[in-house]
Amino acid sequence: MSKKYDAGVKEYRDTYWTPDYVPLDTDLLACFKCTGQEGVPKEEVAAAVAAESSTGTWSTVWSELLTDLDFYKGRCYRIEDVPGDKESFYAFIAYPLDLFEEGSITNVLTSLVGNVFGFKALRHLRLEDIRFPMAFIKSCYGPPNGIQVERDRMNKYGRPLLGCTIKPKLGLSGKNYGRVVYECLRGGLDFTKDDENINSQPFQRWQNRFEFVAEAIKLSEQETGERKGHYLNVTANTPEEMYERAEFAKELGMPIIMHDFITGGFTANTGLSKWCRKNGMLLHIHRAMHAVIDRHPKHGIHFRVLAKCLRLSGGDQLHTGTVVGKLEGDRQTTLGYIDQLRESFVPEDRSRGNFFDQDWGSMPGVFAVASGGIHVWHMPALVTIFGDDSVLQFGGGTHGHPWGSAAGAAANRVALEACVKARNAGRHLEKESRDILTEAAKHSPELAIALETWKEIKFEFDTVDKLDVQN
């Protein structure tokens with residue numbers, strides 16, 4: 001051997017702490033928020049993360065001499081203090097691209113977060129952000145269609161799209177489920193939706209639901225003259241079953257299907273995305289289980305990382321929270337990962353939680369979906385925050401209308417069109433929200449009743465996971 005092999009244990013920072021390293025354009029960069037055990041130096045903690053998420057092990061091994069370890073290792077090249085947090089720090093790590101299989105989000109996450117989170121030297125660890133190099137992005141399939149293709153397919157332009165989740169989300173028979181879909185779509189919504197946990201239960205088998213939903217869509221299209229859709233959830237316990245459900249939706253002439261991408265897994269999601277592009281189907285993505293992973297401010301994976309990974313894995317729509325509704329998410333953070341879903345280039349901006357410049361090249365964008373505890377009074381804020389390339393989904397805010405789901409849908413449609421008209425006329429939606437909505441309600445009894453019904457409903461809880469610059 002040309003090099004001497006010295007058996008034993010040495011500190012991680014001797015190999016993986018490289019403050020003089022300048023990251024390459026082809027490197028995959030990651031920012032971790034680290035909280036080490038008491039007495040362990042920051043450099044050792046950060047280097048341990050770099051080692052355990054790349055080539056390292058706890059002991060020197062002879063087989064290191066069989067490869068160029070210095071080429072393949074992850075390198076911690078910078079450490080920063082976390083604003084307002086004396087215990088934690090940011091570790092910036094560069095990984096050579098050859099560590100990862102081309103186009104495999106599964107492989108990237110297995111490396112970066114697969115084992116290191118159980119490391120004893122750490123009290124907490126959170127993956128805050130990833131900068132994917134263009135060479136990796138070009139190897140990924142991405143959204144099966146993208147924003148423009150979806151608008152063309154649905155023939156809907158110049159405004160956010162409207163949707164709602166069918167309620168109650170569990171317990172309805174297939175026929176009654178289809179009836180609720182029909183009421184919502186004829187009332188003015190663009191989409192209705194299966195909830196994340198409706199698959200194929202004893203009270204409603206999936207074939208039965210798909211058939212009645214297809215009938216509801218066709219009837220509502222005939223009545224309204226508009227293209228309609230329903231997110232048919234094809235998530236299943238096996239890939240074979242998932243594709244069987246997707247094929248049946250295609251046979252029924254449905255424009256869009258749905259997948260729970262975290263519980264279903266990135267491998268299944270990427271495969272389904274490829275199938276959708278090949279078969280001309282839109283793909284709606286639900287983020288069920290995300291808060292288990294992303295809500296703790298010191299441990300887990302930030303949702304901006306999951307959003308980036310989803311854009312690479314594939315999906316045309318992704319739930320992002322609402323800012324104003326019942327679910328977690330402050331305004332600036334939400335805007336940050338909405339940018340990651342839709343824009344072709346997102347600059348580093350710590351005020352929005354983006355730690356790196358991210359160039360998406362020509363990869364299509366993803367519709368941001370606002371869903372969870374929203375109603376007509378929220379419409380001006382939602383249009384302001386999310387813009388046109390979004391889907392605004394009102395579940396209880398549709399079905400809870402005193403006159404029923406069709407009236408709730410009509411109220412939402414009138415409120416949306418009033419806000420878009422006011423915005424296009426140069427009015428300030430959030431400052432003039434009450435005037436805009438009450439003016440529209442003079443010509444819509446459905447909206448007037450909705451405004452009265454939900455005038456006192458607010459979700460004013462403090463956000464648990466705040467941007468560190470706010471702390």
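Heads up, the Cβ atoms here are built off N, Cα and C, so glycines get one too.
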Residue from Arg287, Arg295, Arg342 that Swiss-Prot also lists as binding substrate with Asn115, Thr165, Lys169, His319, Ser371: Arg287
Arg287 (substrate binding site) as reference: those recorded positions from Lys167, Lys193, Asp195, Glu196 with C-alpha within 10 Å of it: Glu196
For Lys193 (Mg(2+) binding site), nearby residues of its own chain (Cβ under 8 Å, 6 or more apart in sequence): Gly163, Cys164, Thr165, Ile166, His230, Tyr231, Met258, His284, Gln393
Shell of the Mg(2+) site beyond Lys193, Asp195, Glu196, same chain only (C-beta within 8 angstroms of their C-beta centre): Thr165, Ile166, Lys169, Asp194, Asn197, Ile198, Tyr231, Asn233, Met258, His286
Cβ neighbour count (within 10 Å, all chains shown) around Lys167 (active site, proton acceptor): 16
Which recorded positions sit within 10 Å of His286 (active site, proton acceptor) - Cα, from Asn115, Lys167, Lys169, His319: His319
Recorded positions: Lys169, His286, Arg287, His319 - member with fewest neighbouring CB atoms within 10 Å: Lys169
